[in-house]
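Novice: Questions regarding the structure given below will be posed in turn.
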Amino acid sequence: VTCPDGHVTANRACCALFPVVQNLQENLFDGGECGEEAHSALRLSFHDAIGFSLNSNKGGGADGSILLFNATELTFHANGGIDDITSRQFPVFETTGLTPGDFVHLAGAVGTANCPGAPRLQFMFGRPPPIAPAPDLTVPEPTDDVDAILARFADAGFDASEVVALLSSHTIAAADVVDVTIPGTPFDSTVGTFDTQVFLEVLLAGRSFPGNGSQPGEVLSPLAGEMRLQSDFVVSRDSRTACLWQAMVNNQQLMVSSFAAAMAKLQVLGQNVNTMVDCSDVIPEPAPFAGPIKFPASFSMADVEQACASTFPQIQTVAGPAPTVAPVPGS
Ligand code: HEM
């Protein structure tokens, strides 16, 4: 159908979303940037949705409870730093007429689409209002071991390959509260691009800490100005996940398709998809990533701590001296 404003979409119900997407781009994402708010919108969508369990009552999943019941959920330790994005999203949310769940997961999809190389995520429309806050301890922590991480995700319905796929998100990610002395410290050297660089850089031998020494959940990183989460480190080297991790290195297509599939599942956890409308065509088409990825300057295969026996992809090195990764502005 053609909407009154001229947009074309598969279902008339989706027409209401085009002005909301524009509102998000103008009032939350600085005119459509892959910046701090876009990164945090994706993180928020995860922290909301993972409040769910197949086996016990752990919340309503992708219901927007983290936005509506922020007074409760933001006290949970794993939600450190989330107050920043909920306080920026709330005033925009109030202008849209959407339910909290639709708003949080639309913002996650639109924010991700602002990052070159990202997939155009699915967006299902029609989440009812959340009933109650999720309980504590549903969100994995960077101090968790691989057993705990895989168990928590399995409890929410995700296998090991889906966990690795979802961790692609850390290609557009930075930490504000792991080390509070260095807000906005990225997890890879290309934090504004949805590429496979994070899968490569987490495998490089660690050399230093970017800030105030070793913090809980942090391990040595290869580059000045870069943060490495202990959870990414252990997942990249565990026998259950190492080959899944390595397979992502320089395989943009695999990363994008597996991330999109896992996100499609995450963003409707606990929801009745039969009563929802597929409004994916309201999500902007992301710019492509030209690729291929490269080793950061001065790094090579000799720095890779390979944990999977499969052949490692051939990767060139950026010319010049080792870079210092800049913090994400506005963090
Ligand atoms: C084992 C699972 C995970 C752990 C332990 C974990 C942990 C973390 C931590 C500690 C931070 C930094 C927070 C801060 O200091 O500000 C972070 C950031 C982030 N995470 Fe994860 N995460 C996990 C999985 C995911 C998943 C599944 C997604 C999305 C699908 C995601 C998306 C993000 C994003 C986008 C950021 C950056 C936010 C920003 O730059 O503002 N994470 N994560």
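Cβ from N, Cα, C; glycine included.
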Novice: Can you tell which of Cys3, Cys14 TrEMBL lists as bonded to Cys279 through a disulfide?
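Specialist: Answer per the record: Cys14.
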Novice: Determine which of Thr171, Thr181 appears in TrEMBL for the same Ca(2+) 2 site as Asp188, Thr190, Thr193, Asp195.
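Specialist: For Ca(2+) 2, TrEMBL names Asp188, Thr190, Thr193, Asp195; of Thr171, Thr181, the listed one is Thr171.
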Novice: So if I draw a 10 Å sphere around the Cβ of Asp195 (Ca(2+) 2 binding site), how many other Cβ atoms end up inside it?
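Specialist: Excluding its own Cβ, Asp195 (Ca(2+) 2 binding site) sees 26 Cβ atoms within 10 Å.
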Novice: Would you mind giving the whole-number mean pLDDT across the domain 'Plant heme peroxidase family profile' (102-283)?
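Specialist: Value for the domain 'Plant heme peroxidase family profile' (102-283), mean pLDDT as a whole number: 98.
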Novice: Which are the residues of the chain, Thr171, Asp188, Thr190, Thr193, Asp195 excluded, whose CB is within 8 A of where the CB atoms of the Ca(2+) 2 site average out, their centroid?
Specialist: Gly117, Ile172, Ser189, Val191, Gly192, Phe194, Thr196, Gln197, Val198, Ile293
Novice: Using CB under 6 Å from any atom of ligand 1, narrow the recorded positions Arg43, Asp63, Cys115, Asp188 to the ones that qualify.
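Specialist: Arg43, by Cβ distance under 6 Å.
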Novice: If you count the C-beta atoms lying within 10 Å of each candidate's C-beta, which of the binding-site residues Asp48, Asp63, Asp188 ends up with the smallest number?
Specialist: Asp188
